[in-house]
Amino acid sequence: MRSGAPCERRSGHLDGEETKRRPGPAGAGGPIRLSDIAARTGFSKNTVSLAMRGNPRIPEKTRDYIRGVAEDMDYVPNHVARALTSRRTRTIGVVLSDISNPVLTETSKVIESQLRAKGYSMLFASSSDSVAAEVEAIRMFRTRQLDGALVYPTRPQRNWPHAEEMRRAGFPIVLVTPGGEGGADLVAADEFAGARMAAIHLVEEGYRRIGVVDGDGQDGNADKLNGVRAGLRDAGLSFDEALRATPETHSPAGGFSAMERLMTGPERPDAVFLASDYLAIGAQHWCHLNGLRIPSDVALVGFDNIALSEFMPTPLTSVDFDIGHIAELAIGRLMTLIDAPGLKPPPTVTLVAPRLIVRDSSRRQRSMN
């Protein structure tokens, strides 16, 4: 076999043949290097390197043998040295705004699984709904020379100066959020379409006075509110601003208090769209405590379709979107940016179509015509 070939072995059997001996544990003397594994196995350093990376050019038996020897020798890959050579750490930073949010918890698991399948690790940070913490985390990712970042921003907004700053500096970053007016790559569910779908469904079920529980101003989501307005407008109805309540927090407690304000006001809705299932949990609890029947007295529709939605006391109708697909698209876009250093392709906006999962909380029990 020629010198330098991927499967060259300096002594013993050729690759693919049965190996008769297996080295014992390595002795003391400092970190184990690839050259040490090569000396122990009889393969070239290049073959050992390819085998450790799982390169298919190396026969499977050889890969398994070399990896087994490396494990016996307590070999630990030097990712720092590899990063210096390749200029990549094969690590992606992920910022979540609220780790207590079940949607983001599930999302982080999906992202980690998909990154692992691509040979990447994940460095996680939580902004705890703080823009300052979000900015700090992104800058920390860059100073640690991570390959890029996926960011679930603290709040919906139209511009993300810190993300645009990183993009201009050549640091790949993708925001997983709706809205935005250029300057950064976005991947998200089409929340306008989802809210519009929910409003149309409620009208078709016979509801006419539809309330909304969502934030306002900087903390609100214009896409969802505008989607409800559009759905009502399509049905020849208008949205009554008096039927809008802002939750103090995006939590069950926030949904509880917002529902109380809506239902004890001078104008009561006969249906309520809530910006998240998390809010809907609190809203439904308030209804049950106060003797309101769902949906006979008031219908509820949430957003996110979390696992709990199906098992609430009254199963919740909710707007669903494919977390796995959104993560796949976001990671795919990030990899495109990573693979095009210095090119700075124009930012893109990718919206994923949602679907409405109809359950008992909005199915009309009697006609209101």
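Placement of Cβ uses the backbone N, Cα and C atoms for every residue, glycine included.
Noted in TrEMBL for the protein shown:
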| type | residues | note |
| --- | --- | --- |
| REGION | 1-33 | region 'Disordered' |
| COMPBIAS | 7-21 | compositional bias 'Basic and acidic residues' |
| DOMAIN | 32-86 | domain 'HTH lacI-type' |
Reported mean pLDDT - the domain 'HTH lacI-type' (32-86):
84
When the domain 'HTH lacI-type' (32-86) is classified with DSSP, how many of its residues are helical, how many are strand and how many are coil?
37 helix, 1 strand, 17 coil
